[in-house]
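As annotated by TrEMBL, compositional bias 'Low complexity' applies to B:1-13. What TrEMBL records for B:58-132 is domain 'OB'. The domain 'Replication protein A C-terminal' annotation in TrEMBL covers B:200-243. Residues annotated as region 'Disordered' in TrEMBL: B:1-25.
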Amino acid sequence: MDTSAPSPRVNGELMGRFIGKKVLLVGKNEGTDGSTMTVRTPDEKTVTVQLAAGSPAPATAYVEFEGIVDGAGAMTETSHVDFGDNFDMYTYNELTKEANGRSQALFM
Amino acid sequence: MPTPTGATGAATGAAGGRGQGRPDSLVPVTVKMLQTAIAASNVDDGLRVNGEEVHNITLLGKIIEASDTATNQVYTLDDGTGTVIVKQWVDADDADASSRKDELVVGKYARVYGHVKQFGSDTSVVAFSVRPVQDHNEVTYHFLEAVYCNSHNAQRADAKPAAGTAYAAPSSAPASAPAVDPGGSCVDQAKAIFEGPDGRRDEGVKIDVVVQQLNGRFTEAQVREAVEHLVNEGHLYSTIDDDHFKSTNL
């Protein structure tokens, strides 16, 4: 068991707290040019994700990216999970706030 | 949501009013919660989360490593709060298990039901069931359920020590309450005082006390008139003398 390197679940706003750190971000695919993807975050912000070279492109509308935050509104993917075409972003956004706020002790 | 855990986890929390963890409870946790619980528990004692003994847990996370031997499958699960090793013994007769196994690959989310096994300093989860997550709303659901169950148990743990003082706390309140004009006629207000905490003594309440508690809103004559009316209506009876009355409703 190892909890020394957590990947916090963030929304667009919370990304700012983790610049240079590993995070999990769920986004809605808003278009890709092959090397980057523009996604809409659970709190309705726009983030540009630098896709990992050589990994298969995200295939569904909602994607969970694991990666490093480059700055506000930008991150670099290390891996991703396809979250399907039906995902409730509102509730997930509430979870990101809870996990980085009141209930932080349960997550990191 | 496509899982029965919610009901089980929450219902256990609600029903275990005796404050004892029940051996059949199933608690949704994060790896971090598990780690904290293990650090806080001693070896002889069971695993405790918020003072509740925990036997069965459910976890949800991404498979980051999977290996397969003849007797068991070993997964390393990452739920974002940490990583944990999950072992599942192979049941050769379970045809469903082998079909599920094809979907339990690195990079996919899995739901695990199991119990915690401590072997030396090594902690792992022995799974009864590992199944792939189909609808990823279950990710949101699992973590919110973990938060919910945790706060539910934490509140219950907080409430226990306070129970002894719960009865004592309101005692001072009624004494000052009549100072506030509750409204209503002299008869109604006098009746309320006779039926209040002061009226519980054997001798009831003295008329002077009622006048005093009414805070000058009514004269003694008005109060005596109201009392006489209440006696005639059968709400009060006189006790040790003509100045003390007690309610028939107590």
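If you go along the chain as it appears here, the first residue is 1 and each next one adds 1.
Glycine is treated like the rest: Cβ placed from N, Cα and C.
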Item to check | DSSP-derived helix, strand and coil totals, residue by residue, for the domain 'Replication protein A C-terminal' (B:200-243) | outcome: 21 helix, 5 strand, 18 coil
Item to check | Mean per-residue pLDDT computed across the domain 'OB' (B:58-132) | outcome: 88
